[in-house]
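Among the features that TrEMBL reports, ATP binding site is placed at L28, R29, G70, K73, T74, T75, E136, D137, F138, R179, Y189, R226. According to TrEMBL, the feature Mg(2+) binding site maps to T74. Taken from TrEMBL, the feature DNA binding site covers R318, R323. The domain 'AAA+ ATPase' feature in TrEMBL is assigned to 59-192. Annotated region 'Large ATPase domain (RuvB-L)' per TrEMBL: 9-189, in sequence order. Positions annotated as region 'Small ATPAse domain (RuvB-S)' by TrEMBL: 190-260. If you look up TrEMBL, you'll see 263-357 marked as region 'Head domain (RuvB-H)'. The region 'Disordered' annotation in TrEMBL covers 335-357.
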Amino acid sequence: MSPYESEPVDRLVTASADGEDQAVEAALRPRLLEEFIGQERVREQLSLVLQAARQRGAAPDHVLLSGPPGLGKTTLSMIIAAELNAPIRITSGPAIQHAGDLAAILSSLTEGEVLFLDEIHRMSRPAEEMLYMAMEDFRVDVIVGKGPGATAIPLELPPFTLVGATTRAGLLPPPLRDRFGFTGHMEFYAPAELQRVVHRSAGLLDVEIDPAGAAEIAGRSRGTPRIANRLLRRVRDFAQVRHDGLVTREIAAQALEVYEVDARGLDRLDRAVLQALLKLFGGGPVGLSTLAVAVGEEAETVEEVAEPFLVREGLLARTPRGRIATAAAWQHLGMTPPQSVRAPRGAQSELWADGEA
Ligand SMILES: Nc1ncnc2c1ncn2[C@@H]1O[C@H](COP(=O)(O)OP(=O)(O)OP(=O)(O)O)[C@@H](O)[C@H]1O
């Protein structure tokens with residue numbers, strides 16, 4: 001299971017969508033490629049694929065979108081359909097347990113339709129094998145009956161475009177990966193891009209916000225538009241209830257302090273892990289299970305929920321000897337590392353190369 005998928009959804013900074021997100025997201029999704037913010041490379045590549053297909057009057061190659069949740073894979077798949085003026089059918093790997101489930105979907109597609117298959121890496125093996133043939137030859141063999149009397153009835157499919165999304169392109173079997181004509185790798189968004197996302201969403205939600213307010217929310221959103229949109233909604237509540245509705249830098253910062261999302265996007269659990277590492281273990285190295293006991297969480301929760309972001313932010317490093325805090329971690333919590341840690345020797349020294357003396 002991916003570290004992303006195992007995140008509990010009750011965290012404000014989780015990248016997975018909860019019920020409220022799903023309801024609001026539909027309204028916030030950009031509809032066309034030119035409204036889609038950031039991901040310049042994927043956008044340019046995709047725009048060429050789509051334009052060429054439109055010129056040829058044919059369905060484009062199948063598209064694979066890979067990257068962490070909440071970066072806009074579903075949104076892009078809808079944009080692909082909109083740009084092609086084609087209908088879209090949305091399903092997901094876990095929803096397709098049997099090859100028959102997939103056969104039913106494929107056989108009801110219309111010509112040129114876009115089929116969006118989210119979490120494609122979680123499809124069952126027989127369905128996956130059926131998909132190979134459907135993608136390549138626009139044909140499936142439907143098996144009728146069981147045992148020695150079973151027969152395969154070939155079924156022609158209209159040309160369609162599969163858009164697969166995965167958080168883990170590496171988990172896809174090569175035969176499946178190879179059948180996509182184009183793979184777009186989605187990256188975390190830069191703060192300036194997220195600021196534009198916040199600004200745009202604020203406009204759609206009728207929230208009055210100034211540029212510094214949008215920047216403040218963007219900086220705490222962990223590079224993820226879904227989180228940016230969620231934080232914006234919480235900040236909007238705060239601005240409306242406690243103030244006059246206008247979101248400024250100060251209001252955004254105050255609101256997110258109430259919700260325990262700090263200036264760098266760390267929440268309570270992330271900070272508890274760092275604090276234990278620094279205060280109880282002098283910055284490490286300390287074993288995962290010891291660290292987990294210190295924060296009163298399961299080792300899996302610390303490893304899969306808190307650590308990926310802390311590692312990505314360069315605040316924590318996983319080493320064979322245990323978890324180590326980096327110079328940036330001490331700095332972030334406003335603490336001075338002990339002398340022994342400030343001048344490390346050997347293997348750890350590169351962790352300090354860009355930190356304070
Ligand atoms: N580039 C973008 N510009 C503006 N809004 C965006 C962008 N990317 C994502 N969003 C917004 O972020 C939210 C989440 O996007 P989306 O559902 O497409 O993510 P996802 O990658 O499909 O996530 P998951 O893998 O969890 O389904 C949506 O509300 C969408 O409007």
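Any Cβ shown, glycine's included, is placed from N, Cα and C.
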Judged by other C-beta atoms within 10 Å of its C-beta, the most isolated of the binding-site residues F138, Y189 is F138
The number of other Cβ atoms within 10 Å of the Cβ of L28 (ATP binding site), counted over all protein chains shown, is 18
So, by DSSP, how many helix, strand and coil residues make up the region 'Small ATPAse domain (RuvB-S)' (190-260)?
-> 51 helix, 2 strand, 18 coil
What average pLDDT does the predicted model assign to the domain 'AAA+ ATPase' (59-192)?
-> 93
Listed binding-site residues: L28, G70, E136, F138, R318, R323. Which have a CB under 6 angstroms from an atom of ligand 1?
-> L28, G70
Those binding-site residues listed as R318, R323, and which of them has the most Cβ atoms within 10 Å of its own Cβ | R323
Those residues of the chain, 6+ apart, with a Cβ under 8 Å from that of G70 (ATP binding site) | A15, S16, A17, T224, P225, R226, I227
Please report the number of other Cβ atoms within 10 Å of the Cβ of E136 (ATP binding site).
-> 12
Write out the long-range same-chain contacts of T74 (ATP binding site), meaning residues 6 or more apart in sequence whose Cβ is under 8 Å from its Cβ.
-> R29, I90, F116, D118, A165
Please find, for L28, R29, G70, K73, T74, T75, E136, D137, F138, R179, Y189, R226 as listed binding ATP, the greatest distance between any two Cα atoms, in Å.
-> 37
Take the region 'Head domain (RuvB-H)' (263-357) and count its residues per DSSP category (helix H/G/I, strand E/B, coil), listing them in that order.
-> 52 helix, 9 strand, 34 coil
Nearest-integer angstrom distance between the alpha carbons (Cα) of E136 (ATP binding site) and R318 (DNA binding site) = 42
Expressed to the nearest Å, what is the distance separating F138 (ATP binding site) and R318 (DNA binding site) at their Cα atoms?
-> 46
Fill in the CA-CA distance, Y189 (ATP binding site) to R323 (DNA binding site), as an integer in Å.
-> 27
Rounded Cα distance in angstrom between L28 (ATP binding site) and R318 (DNA binding site) is 37
